[in-house]
Amino acid sequence: MVAYDDDDDDDDGVVICGAAGGIGQPLSLLLKQSDLITHLALYDVVNAPGVAADLSHINTRSTVTGHGKDGMEEALQGAHTVVIPAGVPRKPGMTRDDLFKINAGIVRDLAEGVARHCPGAFVLVISNPVNSTVPIVCEVLKQHGVFNPKKVFGISTLDVVRSSRFASELSSAIDPKTTRVTVIGGHSGVTIVPVLSQIPGGFAQSLSKEQLDALTHRIQYGGDEVVKAKDGAGSATLSMAHAGARFTNAVLEATVAGKTGLVESTYVNLAADSESTAAFRAKTGLEYFAQDVEFGREGVSKIRSLPALSEHEQTLLDAAIPELKVNITKGTAFITDNSKI
Ligand SMILES: NC(=O)c1ccc[n+]([C@@H]2O[C@H](COP(=O)([O-])OP(=O)(O)OC[C@H]3O[C@@H](n4cnc5c(N)ncnc54)[C@H](O)[C@@H]3O)[C@@H](O)[C@H]2O)c1
Ligand SMILES: O=C(O)C[C@H](O)C(=O)O
């Protein structure tokens, strides 16, 4: 470990796994601004000590430590929150599911580390394919008897961020900073279902069918836009760091500072609020879904019921469900029954 200060109190310690990567570095920089974090532990199989040394000079509250290849245990020990952007990104022509082969094992090993060294931590998963990596984390924690569905989140905030931004490009009445769009389903292609009909002022209703289809498609495939533009050099990193910091800060504000009324769309295990989701689970057979979640001290305090969907959005949701099921089964089986992969 490379430490730049002494602080053994990890009650509000945050670990970034994959901290030296394209997302990990700017995400760490953004989280270094937080007054709610006392210890920022940067773990990566390469370059973490250098990134930590650099960030540790910034005059904000947190101590920064860097942990290399063999430092997973000391990084995770007693952590409050673990954010996981570790793994490979897409290249042009790949789907997120194409990353499963490499990223599933990386995420499994990190989840094992969480189960052993910080079993009570909030786990925030960025690594793709999120629709499958979140079930992987949950199954590992279940195997260790430490699973709390209120504490595991797939970060799908980039879809929310894109929705506000792309919608604002079509209407000057939309302030992208303050307009929050609910995005349900999952985090890949057709599983991304933006509920544009809920934007105040009749925005979606004012669009032609062609405009609405084009906007929906742009949100669902916004990731591809970046992968194509980066031309082999990876996928979204800076916008993802922004989205990841927004989501992590919301979790910390609720769980550390006790702030109430915070809501984000996020991909969760629906057992996190079994009562509110019972009818939906029975109807769809889904165990995981992205939906608006209210945060509390323990993580998920409530999963909101689905907003009223337009006919267009219902069609999108109907198309999302079968693909989500395949993604979820694949992630779950990776831990429970590898013969099915
Ligand atoms: N959820 C989202 O909306 C979203 C958005 C963008 C990217 N992503 C995903 O995030 C992941 C990371 O993307 P990136 O652009 O930062 O990639 P990157 O290759 O730039 O960085 C990944 C980092 O993970 C590290 N790493 C690999 N294996 C590790 C392990 N076992 N333990 C710790 N660290 C490990 C690498 O050394 C590297 O520094 C990808 O899977 C990508 O698809 C998700
Ligand atoms: O598109 C990707 O592969 C990365 C990420 O999931 C995104 O939505 O930008």
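Cβ atoms here come from the backbone N, Cα and C positions, even for glycine.
What TrEMBL records for 14-154 is domain 'Lactate/malate dehydrogenase N-terminal'. Feature annotation from TrEMBL assigns NAD(+) binding site to Gly18, Ala19, Ala20, Gly21, Gly22, Ile23, Gly24, Asp44, Asn103, Ile126, Ser127, Asn128, Met240. Here TrEMBL flags Arg90, Arg96, Asn128, Arg162 as substrate binding site. The feature domain 'Lactate/malate dehydrogenase C-terminal' is assigned by TrEMBL to 157-334. Residues or ranges marked as active site, proton acceptor by TrEMBL: His187.
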Residue among binding-site residues Gly18, Gly22, Gly24 with least C-beta crowding, 10 angstrom cut-off:
Gly22
Same chain only, sequence gap of 6 or more: which residues have a CB within under 8 Å of the CB of Ala20 (NAD(+) binding site)?
Leu42, Asp44, Val46, Asn47, Ala48, Gly50, Val51
For Gly24 (NAD(+) binding site), which DSSP three-state class applies?
helix
Kindly point out which of the binding-site residues Gly18, Asn103, Asn128, Arg162, Met240 have a C-beta less than 6 Å from some atom of ligand 1.
Gly18, Asn103, Asn128, Met240
The rounded CA-CA distance in Å from Arg162 (substrate binding site) to Met240 (NAD(+) binding site) is 10
Fewest-neighbour residue among binding-site residues, criterion Cβ within 10 Å, set Arg90, Arg162
Arg90
Determine, using Cα-Cα distances only, which of these recorded positions is closest to Asn103 (NAD(+) binding site): Arg90, Arg96, Asn128, His187.
Asn128
Highest CB neighbour count within 10 A among the binding-site residues Asn103, Asn128?
Asn128
Under a threshold of 6 Å between Cβ and any atom of ligand 2, which of the binding-site residues Gly18, Ala20, Asn128 are retained?
Asn128
I'd like to know the mean pLDDT over the domain 'Lactate/malate dehydrogenase N-terminal' (14-154).
98
Gly18, Ala19, Ala20, Gly21, Gly22, Ile23, Gly24, Asp44, Asn103, Ile126, Ser127, Asn128, Met240 bind NAD(+) per the record; greatest CA separation between any two, in Å, is 18
The rounded CA-CA distance in Å from the residue listed as 'active site, proton acceptor' to Asn128 (substrate binding site) is 9
